[in-house]
Amino acid sequence: MADGAGGPSIVDRVSEALRPRLLGVRAAVPTAATLSVFVLIVLVVGGLVGTLAPLAGTGTGTITESGAAHPLNSRIDAAHARVLRAQGIAASPEIIAAQASNGQPYLVRGANYTAFADVSGADLVEGRPPDDPGEAVVGDGLARTLGVDVGDSITIGGSVSPAVDRVRIVGRYEAEGLVDDQLVVPLATVGDSATGGRDQVHLIRTEASAEDALAGDGGARLVVTEVETPDDAAAGEPAPVSLTVRNFGDEAGSRTVTVETDGRNVSRSVDLDGGEATTVDVNVTWTDPGTYPIVVGPFERSVRVTRPGALTLPAEFPRRAPPDSTLLVPVVTTNGTRLSEGQVRFGEFVAPTNAEGVATVPMPSEPGTYPVVVSAPGHGEFRTTVEVTPNATRELSARIQIEPESGTPVTRPNVSVVVANPWGATLERNLTLVMPTGVEERTVRLEPGNTSRVRVEPEAAGFDGEVDPGTYTFRLLSDGELVATERYEVVGGGGAVAGGLPPGSAAYASGTGIGTVITRVFGNVQVLFAGMVLLAGVATVSGTVAAFARAVQSRGRTVGIYRATGMSRRRVLAIVAGDALRLAVPAVAAAFALATVAAVIAEELDLLVAFGVRIELALLSPAVAVALVGSVGLAVASAAVASVPFLLAPPAALLRDGD
């Protein structure tokens with residue numbers, strides 16, 4: 001086809017430029033088939049790199065028990081995360097547990113979801129965070145792998161010790177990489193079966209800045225490590241906000257600590273020597289009833305302010321009761337005064353208080369949730385609810401009291417257990433106080449409305465001299481059921497490092513705990529993946545060299561004619577390379593299409609799932625673009641290698657072989 005001047009048209013010129021001069025078009029078919037395997041491998045490896053990349057990032061770190069072979073062998077106190085948060089460092093104490101569902105293995109992570117999301121960058125896209133041991137949130141990738149959604153239930157088993165729990169999925173989150181393929185449950189759900197207790201975790205994931213905090217730099221560094229506030233306060237009366245301040249440096253220093261509430265700041269100055277800690281009370285007064293936030297650095301608390309003499313119920317008051325039982329309800333003010341002129345309305349039943357300020361309320365036979373209104377002349381009302389259910393049992397109201405709430409390594413705290421019988425029947429229970437160094441057992445028998453106090457000497461509680469800094473947990477069991485917990489913190493000590501960890505008890509590493517496990521099992525996965533791509537490239541060169549060797553061999557006589565008529569080897573090589581480029585571009589496009597179709601089909605069939613982790617394909621990633629360009633280069637190089645024997649052979653031999 002000619003243009004207006006009689007010459008070839010643009011279409012003809014383009015067609016001529018794209019037409020191979022020496023190699024046959026059929027060489028593109030085996031080339032495309034070979035390159036499609038290489039591109040598929042690059043797609044899968046690229047997906048693996050994208051999935052595992054967050055595990056090796058330097059923006060986060062992991063604190064584990066010093067000397068632990070790997071994070072699953074580590075045991076560290078979850079309370080240490082609070083001190084990191086006190087320094088403005090995001091920290092998430094976590095437990096790792098392997099699970100399987102319908103033959104598909106996956107990972108369960110015990111954690112507080114809010115702390116987990118702060119460190120992981122996870123976004124809750126549906127539902128809500130779990131607030132009960134029987135609830136969980138699921139990563140979007142794992143939800144697709146297991147075929148579950150918000151509202152479904154899933155069974156999980158024990159990791160170290162036998163256990164079976166069923167949790168309901170209440171939320172779904174999205175995150176990068178492997179984090180998107182996990183089930184997140186509260187620590188209480190897996191603590192007993194994975195680490196032997198909810199206060200012990202495998203690791204604390206945190207920001208990279210935690211490494212500096214743990215290093216314990218010199219100088220003075222005064223940090224507020226704990227804030228305690230009353231649950232209730234009376235309007236117009238001062239209420240103490242207790243602040244624990246610790247100097248993480250090795251030099252004396254001072255700091256002004258500030259309590260922010262209701263648009264006001266209340267400050268105190270604190271002076272501490274290096275390594276010392278103290279507790280200061282900052283008195284705050286609110287004039288009007290309401291709920292007020294309290295902010296001290298990274299800590300946020302809230303307090304309910306009521307008018308003087310407002311009514312309340314003890315924190316230990318039962319919120320569940322069996323049908324046809326009898327409940328003793330006290331009418332008491334927020335400052336602990338019992339009122340004999342009050343009354344309690346339970347549903348439609350009204351009971352007056354006796355001289356001791358207690359009303360006897362019979363529970364109905366019909367299960368349900370009933371409103372409870374406590375009132376007294378001049379004191380207003382207090383409202384709550386009680387669930388009447390056959391599943392409820394009559395348990396003692398109990399609390400553990402430790403005075404003071406924190407101390408130094410030589411402090412001898414007073415530990416006592418207070419139990420009360422809020423029921424209209426005599427109760428006898430076997431109490432077991434589990435302490436850091438032992439167990440104290442007592443049997444108590446309480447008449448209706450009676451209270452008993454059991455004191456434990458400091459020596460029996462394990463505080464008989466110098467103890468290591470850290471957080472010590474006390475648990476109270478009644479006939480084997482947990483009814484109360486309390487913590488006691490030992491601060492200070494000459495060698496304590498930042499974060500309240502005894503010296504040498506913890507180690508920091510960049511990346512995540514799972515990343516550390518993978519590294520110790522498989523080594524440097526980046527080198528592993530690079531080796532996989534390199535081997536795939538070598539195998540691809542072998543296949544494409546064979547394909548182009550056949551193509552060049554079929555045109556051996558033509559090469560001989562070129563050489564016999566004076567064409568140089570370099571010129572012939574340029575022609576072969578140019579033809580290979582013309583064939584490689586459409587072959588690579590076809591290879592990319594074939595590899596993409598194969599990868600998408602494998603993804604839809606859940607073939608790209610390993611150990612519960614879904615490999616996410618990034619078809620438009622820079623790695624794929626480099627692979628496509630590299631494929632063209634491999635094809636051209638293969639054609640050049642295949643043509644070498646023909647370029648070195650004498651022209652006469654090529655002409656004779658072609659006869």
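Just so it is clear, glycine is given a Cβ too, placed from its N, Cα and C backbone atoms.
Per TrEMBL, these features apply:
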DOMAIN    37-202  domain 'MacB-like periplasmic core'
DOMAIN    221-294  domain 'CARDB'
DOMAIN    365-401  domain 'PEGA'
DOMAIN    532-643  domain 'ABC3 transporter permease C-terminal'
TRANSMEM  27-49  transmembrane segment
TRANSMEM  527-552  transmembrane segment
TRANSMEM  572-602  transmembrane segment
TRANSMEM  622-648  transmembrane segment
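Residue counts for the domain 'CARDB' (221-294) under DSSP (helix as H, G, I; strand as E, B; rest coil) come to 0 helix, 50 strand, 24 coil. Taking Cβ pairs closer than 8 Å, the domain 'PEGA' (365-401) reaches residues 307, 309-325, 327, 329, 331, 333, 339, 341-347, 353, 414-423, 425, 427, 429, 431, 433, 444, 446, 474, 476, 478, 481, 483-486 in its own chain, all 6 or more past its ends. Under DSSP, residues within the domain 'PEGA' (365-401) fall into helix, strand and coil as 0 helix, 23 strand, 14 coil. For the domain 'CARDB' (221-294), the model's average pLDDT works out to 84.
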